[in-house]
Amino acid sequence: TSASPRSLAGFVVGHAGLYQALAMFAVAYFIIGMTVLSVCAIATNGALDAGGAYYMISRALGPEFGGSIGIMFFLANVCGSALYVLGLVEAVVDSFGIPPGQKAGTGVHVLPQSYWYELLYGTVLLALCLLVCLVGASIYAKATFLIFLIVVGVLGTILVSFFATRPIGVPIRLPHFNGSETENGSFTGFSLATLRDNLGGGYGVDYTTGQMMSFSSVFAVMFNGCTGIMAGSNMSGDLKRPSYSIPRGTISAVLFTYLVYNLLAILMCATCNRTLLQKDYGFLRDISIFPPLVTVGIYAATLSAAMSNLIGASRILYAVARDDLFGRALALAKKTSASGNPVMAVILSWLVVQLVLFSGKLNTIAGVVTTFFLLVYATVNLACLALEWASAPNFRPTFRYFTWHTCLLGIAGCCVMMFLISPVSASASLGFLLLLLLALHYLSPSSTWGYISQALIFHQVRKYLLMLDVRKDHVKFWRPQMLLMVQNPRGSARLIDFVNDLKKSGLYVLGHVELQDLDMLPSDPLQPQQDSWLSLVDKLNVKAFVSLTLAPSVRHGVRQLLFTSGLGGMRPNTLVLGFYDDTVPQDGLARHPAFTSAREEVPLGFPPLRAPADPKLLSAREYVGIVADALKMLRNVLLARQLESLDKAWELRRAASPPPAIHVWPVNLLRPDSARYADTCSLFLLQMACVLNMARAWRRARLRLFLCVEAGTMPHAQEEKLRQLLKDLRIQAQIQLVPWDAVTRLHWQTRRGPPGGPAPAGAVEEEEEEGAVNFPANATQVSDEYVCAANKLVLEQSPAPAVRFLYLPRPPADTSLYPLYLHQLELLTRGLGPTVLVHGVSAVTSTQL
């Protein structure tokens with residue numbers, strides 16, 4: 001821990017008294033101790049490289065936090081080095097400077113005093129620190145060890161002096177702004193009366209600044225002298241065994257200085273009156289049995305602190321530069337000598353310290369330094385807390401004397417101290433940190449260090465997934481959870497974007513089936529494809545997961561994904577398929593704005609689209625079988641046709657009036673004899689159209705609901721009933737009556753017998769059970785002529801909408817009729833443009849509060 005040119009214990013005791021001084025030391029070292037525990041935990045959790053706290057934070061919290069804290073820690077060490085150099089200059093000038101008002105010095109007072117002279121003295125001292133740091137860490141270690149021996153010797157002399165020195169009076173010459181006033185302090189020796197007088201607080205004016213002291217201001221100065229706990233960890237790259245040395249060295253230093261401060265406070269309270277403690281911070285020279293040794297000790301300790309901060313700043317700068325977080329801006333700092341000493345980082349750090357010296361304002365620098373250090377300490381605690389809360393198996397430090405409680409206490413203590421010492425500096429530092437975080441988040445390259453955020457997210461997601469109980473599901477909180485099957489993303493870009501609008505904050509999974517046999521392959525072929533799919537999700541800006549599988553057929557693969565996709569209460573409840581037709585697929589990715597506007601290449605890993613002459617990967621029978629499988633598994637089904645022709649940006653942003661429309665046909669057009677508007681499937685279709693209209697990009701569109709009516713069926717009563725249903729469901733839509741007698745007449749003409757008569761042989765009657773249709777043989781009920789008429793009826797409704805929603809009937813129970821079923825779906829949707837066929841199997845609407 002760094003020493004100060006002034007007698008820190010004497011300053012604190014003189015103003016705060018013994019009781020408050022001991023409390024201050026206890027609080028300060030409690031905060032420091034919590035941080036030390038976090039440092040030791042991270043330092044013993046793996047190999048530690050150069051950079052100290054920066055390395056710990058960057059590898060734990062990621063490059064954004066690491067880079068921003070690295071820069072702030074670098075600046076803290078730079079300003080700290082300048083602070084100690086200026087403090088040493090102040091001490092030298094106090095001892096050897098020509099007194100104000102005298103033109104020539106006498107005796108030892110030979111050094112001129114002025115801003116430029118003091119800058120010259122600081123430059124010389126800083127150059128001495130630079131020479132030591134340029135030689136390397138080994139000479140620095142030897143120099144600091146020598147300084148440590150000197151300081152220990154001085155400390156021993158001071159302790160002896162308290163007992164050996166007889167009571168004396170100490171004349172005190174106050175600074176020139178108080179005139180020529182002189183006061184006398186007293187060293188009384190051990191005296192009960194002196195101890196009693198110094199027990200309580202007695203805050204006065206700081207004679208060096210002329211400011212009135214208070215508990216917070218004294219505490220701030222005292223804490224500033226205790227912020228050197230990272231000096232050892234900054235040298236992590238130069239230590240042989242950092243995981244061994246850093247915990248032992250740091251804890252030993254903290255305990256040693258804490259005991260020394262408390263011991264000195266007690267001895268000073270029992271031997272020195274308050275005038276001496278408050279008016280002369282250098283009184284230890286006056287009471288020492290060998291005064292010059294005290295002066296040497298102060299100089300040595302301060303010079304050691306300046307060197308420690310300079311070499312620490314250079315190591316941090318080197319580590320940040322080596323990680324390439326700021327690109328070429330710090331490329332020069334990566335250069336090292338033959339022995340591995342980062343000489344350019346040392347020189348750059350020296351230059352920045354030299355610039356700070358021009359300020360010449362000790363108090364201003366001190367506030368900034370302490371705030372920066374505290375912010376770094378808080379972040380170290382945050383890193384340890386995040387690692388502990390993430391519960392990752394690989395976080396198992398050999399140092400176990402910490403918990404998440406100590407980390408939280410360290411964070412809270414550092415934050416409170418920051419604002420207690422300097423609210424302005426604390427606010428400015430947090431703002432600067434936020435700017436660096438944002439800049440690195442958007443500009444820094446991705447790293448391979450691992451992101452603690454991912455571990456924390458995993459931990460929380462797992463916890464909440466376990467709390468998501470499917471038995472507590474309620475229709476009021478139903479949301480679509482989509483599984484979109486994609487054969488090749490090149491031909492499905494707009495469909496992927498459209499389904500993203502349909503999900504309404506629900507689960508969205510992109511599924512893909514690779515037709516291969518794992519037994520015949522040397523390794524899993526899906527792993528190399530995963531990155532391409534994830535890059536696609538990022539570029540298209542859709543909130544989707546990716547699920548890939550191997551299967552002998554597409555139908556088996558879709559079954560696998562329906563059974564296994566999702567986790568816990570987050571499982572797909574709706575299957576979305578592209579339509580099965582003979583349309584030649586077009587490369588939609590090449591024309592997608594995500595790639596055309598940014599001039600980026602389409603992600604690699606996706607094969608070219610199928611040529612017109614190439615065979616399809618599945619048959620019509622298998623395609624309809626997938627729909628039937630999904631309905632058996634109680635999944636809703638959406639079939640999307642011609643969605644690649646939907647130019648959403650043009651449709652929704654065109655200034656033409658009226659606004660774009662969404663057409664909704666909630667009647668089973670392939671079963672006009674059983675047309676209902678309030679069955680489960682119709683309500684699900686209404687819900688999906690409403691969900692699309694609620695999406696941000698589709699709010700300008702208008703829902704148009706088509707009510708097919710026949711003569712003699714009281715259409716206005718039907719319209720009023722449907723309007724009431726929409727009101728109960730809170731769905732805003734325009735209802736349009738559509739006469740379809742001409743269409744239904746074609747249907748009845750194709751049946752053998754009049755309406756209401758016996759069904760023809762071979763026809764499968766519809767069985768209704770609780771409103772559900774049980775696999776009627778739809779294909780035997782209507783003719784192609786009727787389907788074409790129904791298609792024409794839909795097509796004639798103008799103006800043309802952006803997208804249409806139609807009722808999707810169940811596939812027939814007889815699998816031999818699958819091709820005919822698909823053929824009639826193709827006739828029904830031919831030429832309609834972007835169309836979604838919808839079949840729902842579960843209740844999804846609610847009129848309850």
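Using N, Cα and C of the backbone, Cβ positions are placed for all residues, glycine too.
All TrEMBL annotations are machine predictions without curation.
Per TrEMBL, the features are:
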{"type": "DOMAIN", "residues": "10-483", "note": "domain 'Amino acid permease/ SLC12A'"}
{"type": "DOMAIN", "residues": "494-582", "note": "domain 'SLC12A transporter C-terminal'"}
{"type": "TRANSMEM", "residues": "20-44", "note": "transmembrane segment"}
{"type": "TRANSMEM", "residues": "65-86", "note": "transmembrane segment"}
{"type": "TRANSMEM", "residues": "119-140", "note": "transmembrane segment"}
{"type": "TRANSMEM", "residues": "145-164", "note": "transmembrane segment"}
{"type": "TRANSMEM", "residues": "253-276", "note": "transmembrane segment"}
{"type": "TRANSMEM", "residues": "342-359", "note": "transmembrane segment"}
{"type": "TRANSMEM", "residues": "365-389", "note": "transmembrane segment"}
{"type": "TRANSMEM", "residues": "401-421", "note": "transmembrane segment"}
{"type": "TRANSMEM", "residues": "427-444", "note": "transmembrane segment"}
Reported mean pLDDT - the domain 'Amino acid permease/ SLC12A' (10-483): 82
Ranking 65-86, 119-140, 342-359, 365-389, 401-421 by the number of C-beta pairs under 8 Å to the transmembrane segment (427-444), which range is first? 65-86
Reported in the order helix, strand, coil, what are the DSSP residue counts of the domain 'SLC12A transporter C-terminal' (494-582)? 37 helix, 22 strand, 30 coil
Run the contact check on the transmembrane segment (65-86) against the transmembrane segment (20-44): 3 or more C-beta pairs under 8 Å, excluding pairs closer than 6 in sequence. no
